[in-house]
Structures are given as structure tokens and as C-alpha cells.
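If you check TrEMBL, you get these features:
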- A:THR164, A:GLY185, A:ASP207, A:ASN249: S-adenosyl-L-methionine binding site (BINDING)
There are 2 protein chains.
Amino acid sequence: MEALAVLKIECASELEEALTYYLQESYALAGLESRRRSDFEIASQRHDSTFVDLTKIENLPEDLELTAYLPVDVDQAQVCAQLQAKIRELAGYGLATGKVRVYFEAQALTNWETTWQENYPVINFSRHLAFVPVWQTYQPAYPDQAVIKLNSGLGFGTGEHLTTQLALLAMERYLTRPVKLADVGTGSGILAIAAAKMGQTDILATDISSQAIESARENATLNQLTTIRFQQGNLLEGVSEKFDLICANILAEILQEFSENLASYLTENGVAILSGIETRAYPALDEKLQKLGFKVKLHLNEERWHCLVVGR
Amino acid sequence: MEALAVLKIECASELEEALTYYLQESYALAGLESRRRSDFEIASQRHDSTFVDLTKIENLPEDLELTAYLPVDVDQAQVCAQLQAKIRELAGYGLATGKVRVYFEAQALTNWETTWQENYPVINFSRHLAFVPVWQTYQPAYPDQAVIKLNSGLGFGTGEHLTTQLALLAMERYLTRPVKLADVGTGSGILAIAAAKMGQTDILATDISSQAIESARENATLNQLTTIRFQQGNLLEGVSEKFDLICANILAEILQEFSENLASYLTENGVAILSGIETRAYPALDEKLQKLGFKVKLHLNEERWHCLVVGR
């Protein structure tokens with residue numbers, strides 16, 4: 001396997017969503033990790049019995065630290081300049097940038113397979129579903145738990161994993177019968193693949209990124225699923241079908257845009273599962289959905305992430 | 001089958017939880033239904049395309065209407081007097097009572113089997129679980145959906161059903177491996193039975209009411225489940241075990257009381273699923289749980305009902 005260049009970005013956590021999106025869209029990421037000081041602080045409060053001394057955690061980020069893994073031959077100076085420009089642009093939108101550092105580590109990562117294996121453990125997140133990296137062996141506690149195999153290089157951080165899990169919980173609530181289903185911003189294809197594993201046969205999955213579509217197709221093949229229709233495109237633009245269930249696990253800012261046309265893609269009793277909403281972004285989206293005539297049917301919240309099921 | 005006396009209580013919806021509890025504890029209820037004006041109003045807003053004219057709904061309650069089904073030979077005058085006294089007591093606690101009417105319908109219900117069948121349809125509420133009244137035939141859309149058979153006379157209203165469903169969604173998230181599990185206030189046994197259906201083998205289910213324990217045992221037998229330990233008692237009083245997962249789908253007021261000793265019944269990483277929390281009762285319980293050192297790990301909200309998964 002080839003080596004990977006390791007890019008570090010330190011800045012205010014307000015930039016996390018925008019930078020995550022920018023990195024995923026702009027570069028051929030092999031992976032992305034996010035560490036936030038607040039997560040460690042929450043963890044330290046959570047375990048009263050095992051007091052965590054924050055001053056003793058190795059490389060505790062000042063606020064947010066993103067680590068992106070890029071092809072080793074990437075033009076490092078250009079990437080750093082582009083990111084600095086992007087951060088200045090975000091500051092222009094009124095976002096706090098904090099103390100900004102953008103740099104590549106001097107040493108490329110050569111043992112990245114091991115690193116992935118540490119960063120992407122089995123995610124045994126629900127009685128009936130688990131995600132298992134393809135290199136892992138996993139014995140479910142129950143024979144009827146569906147195991148979804150995933151390849152590495154998902155480009156997902158821990159936070160995004162949680163939004164995926166909430167979206168899947170909501171799907172379990174709503175997929176009690178076969179429906180016409182769309183997965184918008186499918187990324188590595190997780191939601192579409194899980195839906196197919198749960199017996200859905202009419203699935204359209206879209207993503208603006210051709211790399212994502214390619215990765216999603218690979219993951220579908222890995223799970224012996226051949227019926228999902230993967231299609232490159234922005235949200236559901238140009239799609240003339242209507243859906244009983246639309247899942248969109250994407251940035252809240254994009255959900256804001258998507259919600260404007262959402263009704264036109266839903267069947268009369270159709271519902272949409274909207275995930276990837278950070279606490280900070282939730283009130284504005286909730287207000288917008290209400291103005292558009294949507295009712296929140298189910299609201300899931302875990303840590304700083306929210307998932308809404310909305311219908312009319 | 002015998003006939004049933006039909007008791008109607010009209011009052012302010014603030015009394016719903018307290019009266020529901022009082023009725024279930026005090027009388028040999030064959031069943032209980034709850035209708036609230038606000039539910040119809042929400043429904044009328046929800047379906048823009050099929051505008052619901054509230055003035056045309058038959059017997060639209062002014063605020064809350066409870067219908068309780070009692071043995072036909074009950075002392076009707078005594079029941080009415082007891083309920084009027086209970087409502088005066090609740091007014092003394094500062095609860096709004098609204099315009100109160102308590103009366104029995106002149107005609108006893110003789111076709112109650114049909115009525116039950118209308119009021120207790122199949123509840124196909126999750127991809128992997130459905131509740132099916134024992135007299136219904138039900139063909140799941142997917143062969144791996146677990147079907148839980150239930151006998152009539154559950155003494156549950158529609159609202160309580162929703163709290164049960166939220167608790168079950170939370171259970172699906174947390175029951176990824178065998179655990180020591182307690183179901184506190186098991187009622188008809190639904191949560192304990194669902195847990196057993198999902199493969200749990202170490203389950204203690206308690207209820208203060210011996211009628212509930214009897215009904216729960218019958219439902220377990222109906223589902224060929226023999227390992228659940230049913231035990232009459234108040235919450236977990238007198239139980240010396242500790243549990244990895246405690247489910248309590250009971251009134252928020254009782255959850256307040258229960259939360260005080262909750263920690264002593266949980267293993268170190270144990271969590272509790274607390275359901276049955278109305279929006280009005282949520283802030284006080286949330287505050288109390290925080291004061292007791294609990295963290296909310298997952299928060300589910302549907303209509304006016306909340307379910308919290310808490311741990312330390």
C-alpha cells in the first residue's frame with residue numbers, strides 16, 4: 001500500500017462542518033479524523049469515578065483538530081494556501097476561526113492500514129445492525145443482526161458516525177414495509193446499503209462527488225447488493241421521481257437548501273429523515289422546516305447531533 | 001363474554017396522567033382510551049391536503065376525554081364519587097381541572113370484542129418488531145420481523161403506546177449484547193417480552209399491581225417465553241441485584257421518585273431508559289437527573305412524549 005500525507009488543521013470548532021465538507025469535496029481524501037477539546041471535556045465529566053486530567057492528555061487540541069489523509073504526492077504548499085484562503089472566506093461569513101494552524105506532518109504515514117484499523121472499529125450500534133470494516137472479523141451476539149461490511153477510506157469522522165447511527169435508528173422506525181427510498185448525499189453508501197440489507201429494493205442514492213459514488217458502489221458490491229441505483233448529482237436535482245422516504249445525512253447548511261424543494265420530491269404521506277444537524281444549527285433548520293409546512297414526527301438527539309423525521 | 005360498563009371523564013388535559021394512573025391502580029379496568037382535542041387539532045394541521053373541519057368531528061372533546069371500561073357490576077355511584085374526590089384532590093395540588101364531567105353511559109358495552117379490535121390494531125412500529133393483538137392475523141412484510149402477540153385488556157391508551165414504542169427504539173439501540181435487564185412498571189409486560197424476543201435471557205419485570213403481573217405473565221406465555229422473572233413490587237424496592245439496563249416506562253412523577261435510587265440499581269456502565277415523559281413534565285425530570293449526576297445519552301421525542309436514555 002502507498003504512503004499517505006498527513007494534513008493537520010487546528011482552528012475554532014465552529015469551522016468543523018464547513019472545513020469537513022470542503023476537504024471532502026476538494027481532495028482525494030483517504031480519511032478524515034476530528035478531535036475536539038469539548039469532547040474530551042465531556043468525557044472527563046462523564047466518568048466521575050475515573051477523573052480525567054485534561055492537562056495529561058497527549059496533544060489535547062486547543063479547540064478543534066482535523067487530521068486529513070491525502071495522497072503522498074499532493075502539492076502540500078498549494079493545499080495549505082487553499083485552506084488558509086478557505087478559512088479567510090469563512091471568517092468573512094462571520095464564523096470565528098480561532099487560532100489557525102494548517103500544516104503537513106514532516107513524516108508521511110506508511111503504516112496507515114494499522115492506523116485505520118485503530119480508527120475504524122466495529123460499530124455494533126443497534127440490535128439489528130452493525131458496521132464492520134472489511135478487514136475485521138466480527139461475530140455478532142445474535143445471528144439475526146445484519147452485518148454491513150465497509151471498506152476503509154470512508155472520509156468520516158466520529159461525529160458523522162453518530163449522525164449516521166441516528167439516521168439508521170429512524171430508518172428502523174420507518175422501514176416497516178417496502179417503499180420508494182432516496183439516500184441524498186450517500187457518501188460511502190452506508191444508509192442506502194443498510195436500507196437494502198433491511199429488505200428495501202427500490203433505492204436511489206445520490207452524491208455530488210463522483211469519488212463518493214465510486215466508493216459507495218464498491219461498498220454495495222462488498223455487501224453483494226446489486227439493485228441500488230447510484231447516481232452522481234447535487235441533492236435530487238434533475239430527479240423526476242417522488243419518494244416515500246428520503247434520507248439525507250448531510251450538513252445542516254445543505255439541509256436548509258434541500259428543504260426548500262423537499263416537498264416536491266415526497267409522495268403524499270412521504271417522510272424525510274434529516275440527519276447531520278449540530279445543536280448550533282438545529283434551531284434555524286427547525287424554524288425553516290416549520291415555515292415550509294413540515295411537522296417534526298420524530299426527533300433524535302445524541303451528544304451534539306440531532307436527527308429529525310419530518311412529514312406534512 | 002361479559003358486558004362492560006363505560007365510564008366517561010371529561011376534564012382538562014393536565015389531569016390525564018394522574019387520572020390514568022389512578023384508574024389503573026383503583027379499578028379492574030378492562031381498558032382505557034384517551035382522546036384529546038389537541039391531538040385532533042394537530043392532526044388537522046398535519047394533513048394540509050385533507051383539511052379537517054374540527055366542528056364536524058363527532059364528539060370532539062372540549063379538552064380531554066377519558067373512556068374507561070369496567071366490570072358491568074361495578075358500583076357506578078361510588079366510582080363517580082371517588083373520581084370527583086380525586087379530581088378535587090388534584091385541584092388542591094394546583095392542577096387545572098377544567099370543566100369536569102364524570103358519568104357512566106346508560107348502555108353497557110356488549111360488543112366489546114369488536115370495540116377492542118378497532119381500538120387495538122396491529123402496531124407495526126419498527127422494522128424488526130410489531131405488536132399484534134392475539135385475535136388478529138398478521139403477515140409481516142419481512143420474515144425477520146419479530147411479532148409480539150398481546151392479549152386484549154391492556155389498559156393502555158394511545159399515548160402510552162407511543163411511549164412504549166420510543167422505549168423499544170431505545171432498547172434496539174442498546175441491546176446489542178446480552179445484559180442484565182430490569183423492566184420497572186412492566187404493565188402488560190410489553191418491554192420485557194420484546195427484550196426476550198430480541199434475545200435477552202436475564203430479565204426481571206416488576207409492577208406494583210398484581211393484575212398487571214398476571215396480565216404480563218399471560219402475555220409472556222402467549223409468546224412462549226418462560227424465562228422472564230415477574231415480581232410484584234413497587235419499582236425495584238427490595239431488589240438487591242444491579243442491572244446493565246433498566247427500562248421504566250411509567251409516569252414522569254414516578255420517574256422523579258425512582259431516579260433518586262436509580263444509581264444504586266445500575267452496574268458501573270449501566271444505563272436506564274426512562275419513557276412516559278410528557279413535554280410538560282420533561283424539564284423538571286431532566287433537571288433532577290442532571291442534579292443526580294446522570295448524563296442524557298439519547299433523547300427521543302415523538303408528539304408530546306419523550307424518552308431519555310441516561311447513564312453516569
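Numbering starts at 1 and runs along the chain as it is shown here.
Placement of Cβ uses the backbone N, Cα and C atoms for every residue, glycine included.
Within 8 A of the CB centroid of the S-adenosyl-L-methionine site residues A:THR164, A:GLY185, A:ASP207, A:ASN249, the other residues of that chain are A:ASP183, A:VAL184, A:THR186, A:GLY187, A:ILE190, A:LEU191, A:CYS247, A:ALA248, A:ILE250, A:GLY276. Around the Cβ of A:THR164 (S-adenosyl-L-methionine binding site), a 10 Å sphere holds 26 further Cβ atoms from the protein chains shown.
In the three-state DSSP scheme, A:GLY185 (S-adenosyl-L-methionine binding site) falls into the coil class.
If you compare every pair of Cα atoms in A:THR164, A:GLY185, A:ASP207, A:ASN249, the residues listed for S-adenosyl-L-methionine, the longest distance is 15 angstrom. Cβ neighbour count for A:ASN249 (S-adenosyl-L-methionine binding site) (all protein chains, 10 Å cutoff from its Cβ): 25.
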